[in-house]
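Taken verbatim from TrEMBL:
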DOMAIN    157-249  domain 'Transglutaminase-like'
ACT_SITE  CYS165  active site
ACT_SITE  HIS223  active site
ACT_SITE  ASP246  active site
BINDING   ASN286, ASP288, GLU336, GLU341  Ca(2+) binding site
Amino acid sequence: AVIGRYKLSVQSDSSSSASLGTFVLLFNPWSSGDDVYMPSKAECEEYVLEEFGIIFAGNKNHISSFGWNFGQFQGDILDICLSMLDRSLSYRQDPITDLSHRNDPKYLGRVLSAMVNANDDQGVVLGNWSGNYEGGKSPSSWTGSGEILQNWKKSGFRPVRYGQCWVFAAVLTTVLRCLGIPTRTITNFSSAHDADGNLRVDEFYDASGNNLNRAADSIWNFHVWNESWFTRSDLGPSYSGWQILDATPQEESEGIYQCGPASRKAIKEGDVELDYDCPFVFAEVNADCMYWNYDTSTGKKTLIFSQSTTIGQAISTKAVGRDDRVDVTNDYKYEEGSKKERDIFKKARKKLGLEDKFDPTAPTQREIEQKPDISGKFKVAGPLQVGKDLNLILVLTNLQSDAKTVHINMTAWSTLYTRRPVHGIWKDSISVTLSPKDEKQFPIKIPYTEYQQQLTTDNTIQVTALCHVEGGIQVLVQRDIALDNPTIDVQVLGEAKVNREVDVEVIFTNPIDTEVTDCVLQVEGSDLLRGILEIDVPPLKAGENSSTKFKLIPFEAGPKHLLVNFSCDKFANIKTFKMVNV
């Protein structure tokens, strides 16, 4: 049956009919005849009924997480989700056909992946990856989907400013769970954005080691998308189960910004010709990376090195019924470096017609096989925290049995989580001679005072050393660093009971030696409070503690989650959550 709002009336023998009202029909994952049927009850509870989620972020060396309030059963969210369907391009172009397809989760998943972003259709959230969020809210300041969906409706359906990938994925989770389709968020670390469809991402660096950001391709520290559970009658039973949907506007599909559903099974098996958007998703977890040196004056590019095992790591989602991380990388691909994994990659290239086609931009076999004389890495030597100096060690090793002279150009840039460079922070250059088989360490210190003004709300810094080896090929050493915010502490003072007041205390200690100002606390939580509580907190001197108290009146029993977000002029969006048993 088509989902949506039905009129219900009763007709007696005499031809008068009486209206009994309306009801909303949804998908039913508990019913074995439904396209979204999910045999595990615990999974139905997590992926349809659970209003709280955890989203993973950071980078592959340093995974962090934050809570999110999906809130799919709060207030008028259902009405807003239904109105999204009536505002889609498909409905506007051909309402009758659109309505007749509303029994099909793959159709609705695709339509809603387009509607959650504002591109093409005045959808819900406007993306912004500039680092400047004037005229809206910074993407990392949101803590739930409710406020975003309510704002969209209240403004007369004008796109809400601003979102980045986890915001699009979280809003799509809310909408699909609300309609009864089991859905979860997935985080892919070192995620490729392959703009030209050649299963390869290229990055270009100048002689000083600056990332030139000149390719349409990119490798994001992480990217968040969705998986929804339903059958694929169009592809056959082996492709049913988890389907990938992505509402982040990255590349157009059939002329508009939508992505999926791509069968996860098809991605793992390299069946990239199957509907929908499998080549793009396959590249996100499998693309090869090429790092080039680009001479800005001549336009000449030289391959520094290529890697086939960097992309698509630690693919993560929240555990069923627990606040833990589960690694699902093996559901997306065979083990990196195994023969099976390389065979699948070749199969995908062949299906995309990339095997036989000459690609003038690709490196030669000779370039790929050339071996460097030295190896290098950045080691972390100290805490990775906003407010503390950043201490690293550059370790260089001579792999040859003769001495090597190396000229090293180092840079550090603040970046967005997409690894897009925003502000230069630091640069240095040194020349060294490495004895045969020798290892040398060079300590690097970037003081907080130098990076504090330049940091983006993503708290990420990319450090690069481009090593010019005399008589040998260049070696690129780089590391993406995600800095942790200081912590906040939340205590529930007393027992939480339905319709009874309970006090909550939030404690923050200023860890730096200057005053912090413009402090604001934002609190939300499904069934604990309606809407969002915003509290101004007085400025805090160096090392000073603040304690903020407020009252909750929970209106539903059971385990609930309180989400807290603290911001001030020196720290953006310090987040935590607290489970409250009501």
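In case you wondered, yes, glycine gets a Cβ from its N, Cα and C as well.
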Surrounding CB atoms that lie within 10 Å of the CB of ASP246 (active site), all protein chains: 30
Cα separation, ASP288 (Ca(2+) binding site) to HIS223 (active site) (Å, whole number): 17
Among CYS165, ASN286, ASP288, GLU336, GLU341, which are recorded as recorded positions, the nearest neighbour of ASP246 (active site) by Cα: CYS165
Least Cβ-crowded entry, counting other Cβ within 10 Å, from the recorded positions listed as CYS165, ASP288, GLU341: GLU341
Inter-residue C-alpha distance, GLU336 (Ca(2+) binding site) and CYS165 (active site) (nearest angstrom): 25
Integer Å distance between the CA atoms belonging to CYS165 (active site) and GLU341 (Ca(2+) binding site): 27
Of HIS223, ASN286, GLU336 (the recorded positions), the residue whose Cβ has the fewest other Cβ atoms within 10 Å: GLU336
Local confidence of the domain 'Transglutaminase-like' (157-249) - pLDDT mean: 95
ASN286 (Ca(2+) binding site) to CYS165 (active site) - Cα separation in whole Å: 19
Nearest-integer angstrom distance between the alpha carbons (Cα) of ASP288 (Ca(2+) binding site) and CYS165 (active site): 22
Summary of DSSP states over the domain 'Transglutaminase-like' (157-249), given as helix, strand and coil counts: 17 helix, 40 strand, 36 coil
ASN286, ASP288, GLU336, GLU341 excluded, remaining Cβ within 8 Å of their centroid (Ca(2+)): SER308, THR309, ILE311, GLY312, LYS333, GLY337, ARG342, PHE345
